[in-house]
Amino acid sequence: MPTVHLLDYVAGNVRSLVNAINKVGYEVEWVRSPSDLKDVEKLILPGVGHFGHCLSQLSSGGYLQPIREHIASGKPFMGICVGLQSLFESSEEDPNIPGLGTIPARLRKFDAKTKSVPHIGWNSATDTRIDSTGGQTFYGLSPSSKYYYVHSYAAPYEPGILEKDGWLVATASYGEEKFIGAIARDNIFATQFHPEKSGQAGLRTLRAFLDGAQLHSVTLEDSILTGEKNGLTRRIIACLDVRTNDVGDLVVTKGDQYDVREKDGADAGGQVRNLGKPVDMAKKYYEQGADEVTFLNITSFRNCPLADLPMLEILRRTSETVFVPLTIGGGIRDTVDTDGTHIPALDVASMYFKSGADKVSIGSDAVVAAEDYYAAGKVLSGKTAIETISKAYGNQAVVVSVDPKRVYVSQPEDTKHRTIETKFPNAAGQNFCWYQCTIKGGRETRDLDVCQLVQAVEAMGAGEILLNCIDKDGSNSGFDLELINHVKAAVKIPVIASSGAGMPKHFEEVFDQTTTDAALGAGMFHRGEYTVGEVKQYLEDRGFLVRRFEPDV
């Protein structure tokens with residue numbers, strides 16, 4: 001197979017990019033020193049996290065000048081995410097660190113007054129030359145496709161400015177802000193989105209770059225769709241609770257208020273519900289059109305050496321065939337390995353990222369960290385798992401999984417915690433409640449409400465909230481809409497609605513009656529009652545913008 005070189009400086013999930021490159025017929029070779037660059041033909045610069053950190057790494061490693069020389073030589077160069085951002089002059093994220101300066105513009109942070117930041121999800125990358133009569137686009141981009149973005153800073157688009165200098169520009173819109181989603185000129189191609197996480201649409205752009213196929217025509221049908229299909233889609237996430245069953249097999253299971261053991265039928269008497277094999281099910285949901293796949297390791301494999309964790313192999317195998325974001329939760333904490341070695345949470349997360357994860361989800365440890373944060377007078381320690389991982393990989397890499405439950409009171413004055421007036425009073429007629437945080441899979445409650453928790457972890461650097469609800473788990477009665485609006489009002493970071501989905505209508509309700517950024521389903525998919533594709537079609541039929549699954553490249 002022909003080869004392409006990757007610069008081996010970057011933190012994060014490079015495995016998925018390697019798998020995507022292999023998928024489109026190329027092999028990867030690594031650039032491990034600046035001197036290697038002189039012999040490179042095609043170069044890809046991936047990147048995640050902090051602009052200043054990435055540019056500082058490139059500078060201290062002696063790579064900046066060789067990269068400039070590679071670009072100036074006319075040989076193919078592709079930048080991905082921070083790899084794109086590195087081409088600009090500077091960024092608000094770290095004003096004192098200069099970029100490569102290839103593109104005369106500056107990156108700015110998204111305005112969080114009207115929307116969640118980071119911008120996470122599937123959005124457009126539409127060539128600015130396309131209009132209702134058709135046109136051309138570059139490197140396989142399609143105005144009818146969606147691509148996966150995850151970033152807080154972007155290059156604002158100013159019509160015609162870069163085009164005057166010969167740049168081809170594709171844009172996306174987030175709220176009222178239009179920004180550069182992809183850009184190309186001569187031998188340079190760069191994307192703010194992650195092609196390796198953008199399904200077949202992303203694989204198509206990778207192949208076009210590697211094959212040198214810069215321009216192609218857009219069909220009239222695609223150009224007509226451009227305006228009506230532009231913008232961020234409604235994300236549908238498939239979640240797989242993974243654990244070992246009683247005979248040692250790794251299985252996908254599903255609980256009823258977090259109880260995963262059978263209560264009736266042939267397996268009554270406490271057998272762990274076995275709903276399938278994790279890798280096979282993840283691939284199935286990807287092919288149904290899932291926008292993300294989340295693995296929640298609900299036993300954390302406590303007696304297994306860290307390097308041999310079964311979840312690492314699940315991620316490695318899944319990332320070979322699933323080209324959408326993968327999140328892993330469970331066991332992301334400071335731990336002691338079986339040989340007595342102390343392993344920091346950052347090292348645990350790094351193993352998951354190197355195995356194919358894009359995000360890690362932190363649960364009980366986030367509650368303890370929040371308690372310590374308030375006890376210290378809202379002073380950050382810099383030592384929590386959330387802080388250390390987000391500093392190294394960016395806040396978009398850290399999800400906090402929240403497991404609250406309702407506590408009813410007669411009036412708000414009966415508790416120090418933040419309450420809501422609910423439309424669903426309890427049997428005693430109390431119509432006020434607060435949401436109490438729990439740990440250890442819901443088995444232990446803490447004197448902390450859900451708003452306190454999410455605001456604390458946002459301050460620590462979490463980039464997303466996975467909002468479960470113990471009262472709704474396994475109920476198939478719909479999401480807790482009151483809880484979701486309660487939490488959305490408390491933070492600026494994106495929130496994923498979880499717990500309670502039993503039919504497509506529940507997804508319509510949560511997107512219509514809350515401002516949630518995504519919605520997650522589990523049991524209804526595992527049991528085969530509905531597919532992810534059926535949920536998306538239901539939403540699309542009712543006017544919601546969703547990503548359509550595209551067939552294999």
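Keep in mind that glycine also has a Cβ here, set from the backbone N, Cα and C atoms.
What you are looking at is a predicted structure, and each value in this text was computed from that prediction instead of being measured.
Residues or ranges marked as domain 'Glutamine amidotransferase type-1' by Swiss-Prot: 3-223. Mean pLDDT across the domain 'Glutamine amidotransferase type-1' (3-223) comes to 93 in this model.
Summarising the annotation, Swiss-Prot assigns active site, for GATase activity to Cys81 (among others). A coil conformation is recorded for Cys81 (active site, for GATase activity) in the three-state DSSP classification, outside any helix or strand.
The annotation active site, for GATase activity is assigned in Swiss-Prot to His194 (among others) on the grounds of similarity to another entry. Following the DSSP three-state reduction, the secondary structure of His194 (active site, for GATase activity) is coil. Listed in sequence order, Ile80, Cys81, Tyr147, Tyr148, Tyr149, Val150, Gly202 are the same-chain residues six or more apart from His194 (active site, for GATase activity) with CB atoms under 8 A from its CB.
Taking a C-beta cut-off of under 8 Å and a sequence gap of six or more, Glu196 (active site, for GATase activity) has these contacts in its own chain: Ser16, Leu17, Asn19, Ala20, Ile21, Ile80, Gly202, Leu203, Leu206, Phe323. Under the heading active site, for GATase activity, Swiss-Prot lists Glu196 (among others).
The region 'Cyclase' annotation in Swiss-Prot covers 232-553.
In the three-state DSSP scheme, Asp241 (active site) is classed as strand. Per Swiss-Prot, active site is recorded for Asp241 (among others).
Positions annotated as active site by Swiss-Prot, on the basis of sequence analysis: Asp403 (among others). Counting every protein chain shown, the Cβ of Asp403 (active site) has 28 other Cβ atoms within 10 Å.
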> How big is the Cα-to-Cα gap, in Å, between Asp403 (active site) and Asp241 (active site)?
Replying inline: 14
>> Neighbour count, 10 Å Cβ-Cβ cut-off, for Asp241 (active site): what number do you get?
In response: 25
